[in-house]
Amino acid sequence: MTEIPAKQITDNDILKDVYKSQNKQFSIDAIDILDLEELKDVQRRKRTEFEGYLKRNRLDVKQWMRYAVFEIEQHDMRRARSIFERALRVHISYVPLWIRYIESELKLGYINHARNILERAITKLPRVDKLWYKYLIVEESLAHFDIVRNLFQKWCSLEPAAHVWDSFTDFEVRQERYEDVRNIYSKYVLIHPQFSTWRKWINFEVRYGSTKTVRSVYSLALDALIAYSESRNELVDDCINLIVEFSKWEALQKEYIRSKSLLEIAIQKWPKSNTLNNALLQFEREHGTAETLENTIILNRKKHYEDILNEKVYDYDTWLLYLQLLENNYPKLVMEAFSNVLNAAIPTSRTKDKYWKQYILIWIKYLTFLELTINDIPLCGQKFEELIHNIIPNDDFTFSKIWILYAEFEIRQDNLEKARSILGRSLGLCPKRKTFKYYIDLETKLREFDRVRILYENFLKFDPLNLDTWRAYVEFEDSLGDEVRVRSVCMIPIQNNIGLFSKSFQLHLLEILIDYEMEYQNFDNIEPLLKKQVELSNFTVEAWTDYAMKKLTVPTEEQVQNFQIMKEERLKDSSALDEQEIEFEFEITDNNKDNARDVFERALNYFKEIKRDEDRARILQSYVDFEGQYGDISSRQRIEKRLPSIVNGIKDIDGLKTQNITYTFPDDENKSNIDTSNILALAHKWKESQEAKSR
């Protein structure tokens, strides 16, 4: 038989047992009592049990309370009082014991006994609010209002918490003794001088007092809090909140001058207070004119910006907003503000980060202000020099925009040579693409083409791998109609004598040169360029295909001659016709197609020789596509017959099986068949000659 496993005891079971044993109470068995002697016997036994338990554990206050309740149930109040007194000697600070003692006396109607116990309780435990409130509730329920008042006065002499004073004032309000309430508040604010206390007094006066008393309390509160705030900074916010409320109250009384004056005087004392500034702004919105409202808003914004800048001197966004505000509303302060930011907020980093960019933006705003707003040209030029030589660390980085703005400034002053000198200095100290482009554009507009060529040459020395610069240089020479220089500029990277340029870079310029040669109608120069293009492309299928398609668009010598004859005839017929207006046009003939086919054949031979079967198959497919577009059905079918058959196999290399694709070209098989036929024919001819000799 299989044994039934015993139930496992978990930690939760152990904790439950401990909890039950701790909460197990001393129980009293229910006994049926038939006569007085049995009652006395039961009482004696129960008292013995209680006494025995308390001897063992005299600190169990709840058991003392059960003992006292038992005696009360036996209608023996004398014994119950004795037990309560014994318990108090053990735990005099246990408040529930006092409360149970007091409530027991009250339930049985022993008011004087309860009052005596309450007196003892508040004397022994004067800081326990519950005992005081119990005493007050008892006396007020008995309508002993004088005793209640005396108790409150006695309690308040101990300088208790704010809720005690609030209870005292609420009691006097219920008795409608408003002067006594004012006397209480006059002492209350001395003990708790914070704004919340004064607000309670003010609310009382608003409800039960007059305008005069409300204003008087506001004034007292303001004087007191300001005096306290001199030594206690935490009361400053209370003062400000009180002033705002005082101002609102005065506005409700339609005393607008008083209301605004309060805020303005307070702002003079605490100019950085957002609460006061917002309150003044709100006052102007509700009671001011459009002009005063706008002035207040602007003033608040100005103070707000100044507060931020005092803490964050490198907050350039705020500086820009602040300067814009001053320009529009306080023009006399603008120069001082510019001086402050430009001298105090110079970035400390030696890298061109966002702080430098924002700082330079402020300089640009300053220089624009000097030139256009106050028209101080000498000072503007002086500040440009200061910025360039003393502020910007040109050894580490520079700002092309500043050099360009300086040059434009001198151009506006008709100092062209100085502008050139400035741009030249910029390129000498710290050359930048933006500066080169601007200088080139300037000289181009001035039609100083020799200077432009020099600048382009220096630009390419500075940044020779910038394709856009080479393209721009070529376009510039093309705009002047100088074919030789266009070709020379393009050939520098293409020839790549110093090995600086990558093949992709050379291919880009080669494309540009081919397009220009086509435009100039120098068709004889295109063939070597196309071959060079294929070579630089590592003889890829795409390069050969592109070569063939471009070869298709290159006219033959006959087509060029026909075009020249046609052009001469048209020029004779129309004297007003310009030679450049006649575009070169020709139809694609079989000769053009044969030229393209020749390229495809060369590509096939090339891939066959180097045994690149996959590329050979791809160029054949391109050849088929070409014939499909430009050839006829027979030419297309002829090329399609040359397409290879593909056989997929598996090759074992060092134990690893990989897929192997084999291409079989019909061209190769035909050649093999031709070679075999020739050998057989020769053998047959040799045999016949031998037979003839033997005869």
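Placement of Cβ uses the backbone N, Cα and C atoms for every residue, glycine included.
Per-class residue totals from DSSP over the repeat 'HAT 1' (41-73), listed helix then strand then coil: 29 helix, 0 strand, 4 coil. Per Swiss-Prot, repeat 'HAT 1' is recorded for 41-73.
Positions annotated as repeat 'HAT 2' by Swiss-Prot: 75-107. For the repeat 'HAT 2' (75-107), the DSSP-based tally of helix, strand and coil residues reads 27 helix, 0 strand, 6 coil.
Through the fold, the repeat 'HAT 3' (109-141) approaches residues 77, 81, 92-93, 95, 98-99, 101-102, 147-148, 151-152, 155, 158, 160-161, 163-164, 167, 171 of its own chain, all at least 6 residues removed from its boundaries and within a Cβ separation under 8 Å. Look at Swiss-Prot and you will find 109-141 tagged as repeat 'HAT 3'.
Sorting each residue of the repeat 'HAT 4' (143-174) by its DSSP state yields 25 helix, 0 strand, 7 coil. The repeat 'HAT 4' annotation in Swiss-Prot covers 143-174.
Sequence-distant neighbours of the repeat 'HAT 5' (176-207) (same chain, 6+ residues past either end, Cβ-Cβ under 8 Å): 156, 159, 162, 165-166, 168-169, 213-214, 217-218, 220-221, 224-225, 228, 235, 238-239, 241-242, 245. The repeat 'HAT 5' feature in Swiss-Prot is assigned to 176-207.
Summarising the annotation, Swiss-Prot assigns repeat 'HAT 6' to 296-328. Across the range of the repeat 'HAT 6' (296-328), the DSSP-based residue counts are 29 helix, 0 strand, 4 coil.
The repeat 'HAT 7' feature in Swiss-Prot is assigned to 333-365. In the repeat 'HAT 7' (333-365), helix, strand and coil residues by DSSP number 24 helix, 0 strand, 9 coil.
Annotation source Swiss-Prot lists repeat 'HAT 8' at 375-412. Sequence-remote contacts of a segment are chain residues at least 6 beyond its ends whose Cβ falls under 8 Å from one of its Cβ atoms, and for the repeat 'HAT 8' (375-412) they are 346, 350-352, 356, 360, 363-364, 366-367, 418-420, 422-423, 425-426, 429-430, 432-435, 438, 442.
Residues or ranges marked as repeat 'HAT 9' by Swiss-Prot: 414-445. Panel annotation: around the repeat 'HAT 9' (414-445), residues 394-395, 397-398, 400-401, 403-404, 406-408, 451-452, 455-456, 458-459, 462-463, 466, 469, 472, 476 of the same chain, lying at least six beyond its termini, place a Cβ under 8 Å from a Cβ of the stretch.
Within the same chain, residues 427, 431, 433, 436, 439-440, 485-486, 489-490, 493, 500-501, 505, 508-509, 512, 516 sit at least 6 positions outside the repeat 'HAT 10' (447-479) and bring their C-beta atoms closer than 8 Å to a C-beta of that stretch. Annotated repeat 'HAT 10' per Swiss-Prot: 447-479, in sequence order.
The repeat 'HAT 11' annotation in Swiss-Prot covers 521-553. Sequence-distant contacts of the repeat 'HAT 11' (521-553) (same chain, at least 6 residues past either end, Cβ-Cβ under 8 Å): 483, 487, 494, 503, 506-507, 510-511, 513-514, 560, 584, 588, 592-593, 595-600, 602-603, 606, 615, 618-619, 622, 626, 630.
Residues of the repeat 'HAT 12' (591-629) grouped by DSSP class, helix first, strand second and coil last, total 36 helix, 0 strand, 3 coil. According to Swiss-Prot, the feature repeat 'HAT 12' maps to 591-629.
Secondary structure of the repeat 'HAT 3' (109-141) per DSSP (helix as H, G, I; strand as E, B; remaining residues coil): 27 helix, 0 strand, 6 coil.
Within its own chain, the repeat 'HAT 7' (333-365) has Cβ neighbours under 8 Å at 313-314, 316-317, 319-320, 322-323, 326-327, 387, 391-393, 396-397, 399, 401-402, 405, counting only residues six or more beyond its boundaries.
Restricting the average to the repeat 'HAT 11' (521-553) gives a pLDDT of 84.
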